[in-house]
Every structure is written in C-alpha cells, then in structure tokens.
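What follows is one structure encoded as structure tokens, with my remarks underneath.
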C-alpha cells in the first residue's frame, strides 16, 4: 500500500535512470522477416509507400544505415554492453557532421506549418527542399553538455535500422545548438490523442486495427532491435493519409530520456504498477500502457479520470458516476486518503498542484493517481458494450502482476488481434473523414 512516505520515494526517481534498458546478454539474432507481420493496417502497402520516400546518402537502398550490424542485434555471443560500445564506435567513425552525412541541414528545411509544442520541444511540418520530401521535424530542448548531445545523435542512428509498416520512418537527426532536431515521416492525420478529442470515441473496429498495429510494432522493436518503447500512449500513435497506424517516440536513446525534464510527468499517467513501485522497466510495461490507451480511445476519455475531491464537484465533470462505475472495477473506489474538511478546503485552494489528465478537464495530483494505479483494481471496458474478445484483450493487458501479463508477441496471437487483422475495415475512408 502506498503511503505519503512512498510518495517521497517516488519523487526521488525522477532522474529517470531506471527508465534505461538494462544491459544484459541479448538473445540470438532474430530474422526481421520472421517477425514482420504479413498483414498491414489499411488497403495500401506501407512498404510500397516507404519506397517512395526520399532516402539520405547515409542510407542503403534497402533503407538501412550502412553499418555492419544486422537487424540492430549483436551477431556474436557478447554482452549488450559490448554491442552498444561497438555500435557507438562505428557511428563515431562516420565523421561527426551527422547532418552532412544524412544530407539534413537546418537551412535546407523550409517550415510549412506548426504541428505542436510542449515543454519538451516543438514539432513542425517542413519541406526538405533538396529532395522535395515533406517531413515532421521535432526539435527537442536539451540542456546538456555538447558531448552528451553528440552521444544522443549516435544513439538515434539505430533508428535507421527500424523498418516496419507499424513504425514511423526516421530520416535523420542533427544538432541545431543547443537542441537536437529529428526528422521523421510526416503523418497527415494527427495522433490518436488529437483524433479522439476532436471526433469522439473511436469505434471497436478501428480500435482493433490500432491493437494490431501497436502489438506488432512493439513486437518488432523488441524482438528485432531489443528496444522497449517506454512511452506508449495515444499521442505517440499516429495516422497517415491512407489510414495507416504507426507508433513513434520510442526510447532508443537512454541519454535523450535522461535529458528531457518532463519525462516523469508525461509518462506517469500510463505507467504500469510495477514501474511506479520502482521495478525495472520491461516490455510488459508497454503492454499495460497499451491497455490503458485502448480503453481511453474506445471511451473517449482517460480511464483513471477520478476526482480527488468529494462528490460536490461532480457536476463539473463531462461524465457521470454511472460512467465511472463502468470503467473502474468493481465500483467507484473510495478516496485513497481520508481527508478532513479543512484538508479538502486546503486542496481546493491549492488546485494548481494537480495535473490535467489526458482526455479530461478533470484534475488529480500525480501522487494520488499513482496510488490509485497501484492500490486499486485496474480499469476495464464497460461490460456488454464492446466485443467479448476486446474486453478479454484489455483485461490481459491490465493484469497487475507482470509475470501473468502477456508480452507484445503474445498479444499478436490473441484472438482479438487475429480477428482484427483479418477484418475488412476501410481505413482510407476513416482517414478521409478526418478533415
């Protein structure tokens, strides 16, 4: 049971060191063709689309960085640390004008429009004038030594090895002192977070295609490259003009994770119970985040949107107590901390201490939310409103014991994903309906 003391220990973990993947011996190399799924979300082929995208001079015709590394895995029975040391050395030998090697320079990128901004950086739609390629440029605000920024660039180069219809394509990265600029595939239809907030809850049929894309994408990242995403949430799942669904912003760079100041606040709302309690991050933590995301998209609101105050403020919410009872199992939980009337009044006056939850104007302090995730039953879809296999899928994702929770690869074999993968859903029409 978390207590106020536990809250103090949680805050001490905000240096994010624990978010880095442990460098343990890696499994034998996995053939990318064995893990890349045969079915693709949408009528068009993501692979054929990728072939039309302008490639940089540092990328081979097959789309991979010209390095003697197969599928991002060490081909010798050495440790993960040895693999990363070798890769870093190989990338260091490329000459440190990474932007020149990738033919990406700030002066060659013409800004077309602003796509978004936050504490961590900005995203703009740009035109690479030399190739005529439209890209999304993400500028990450980093307060770090030049040597750390260069190390981040080296770590990001493994993204050139990621080749999947479920992963947003990466064109390259360069320094624009003091920040890091990353250029990626432009996804015309926004993130799932922006889509459901504008158009309302997403249908079970589309949610099925989302489950297919994310489970296969996470499987590819981990099985082929030993990458754990670490930040699965609707705002990191994007849709392009053909209705294809792809994941982005995965944790390939440990230095980048450590350098972004708001990482803890940004990811904690989707964090698994074991991660909140300080355990090592694993690929099963991504599965928990996927389960929370599917509920959020299907209901059109964040599933943990529970008020920290008493019921007299319920009239201000955009959902009812009956709605809450359907998503918080088994019923609307009692407050985690018993508060006296004076304390309730004090909390009302100190409202800015709370955070606005995804998909809701509702506020709950980060500590209260973390206590809720650890101590209360996990959220669930309202019984009877969604397909049975969808309910079962979400319940498996949200098993609180990580030993019982499936891996992304296990999810790809679940009947919900198999059925959704085979279902004829016009994703192009879905995308066309979003103006």
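Cβ atoms here come from the backbone N, Cα and C positions, even for glycine.
Look at Swiss-Prot and you will find 46-59 tagged as compositional bias 'Polar residues'.
Annotation comment: Swiss-Prot describes 109-417 as domain 'Protein kinase'.
Taken from Swiss-Prot, the feature ATP binding site applies to 115, 116, 117, 118, 119, 120, 121, 122, 123, 138. A C-beta separation below 8 Å, combined with a sequence spacing of at least six in one chain, links residue 115 (ATP binding site) to 123, 124, 125, 136.
Residue 231 (active site, proton acceptor) carries neither a helix nor a strand DSSP state and counts as coil. Taken from Swiss-Prot, the feature active site, proton acceptor covers 231, and the record attributes it to sequence analysis.
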Reported as an integer number of Å, what is the Cα distance between residue 121 (ATP binding site) and residue 231 (active site, proton acceptor)? 16
For residue 117 (ATP binding site) and residue 231 (active site, proton acceptor), the CA-to-CA distance in whole Å is 18
Including all protein chains shown, what's the count of other C-beta atoms within 10 A of the C-beta of residue 231 (active site, proton acceptor)? 21
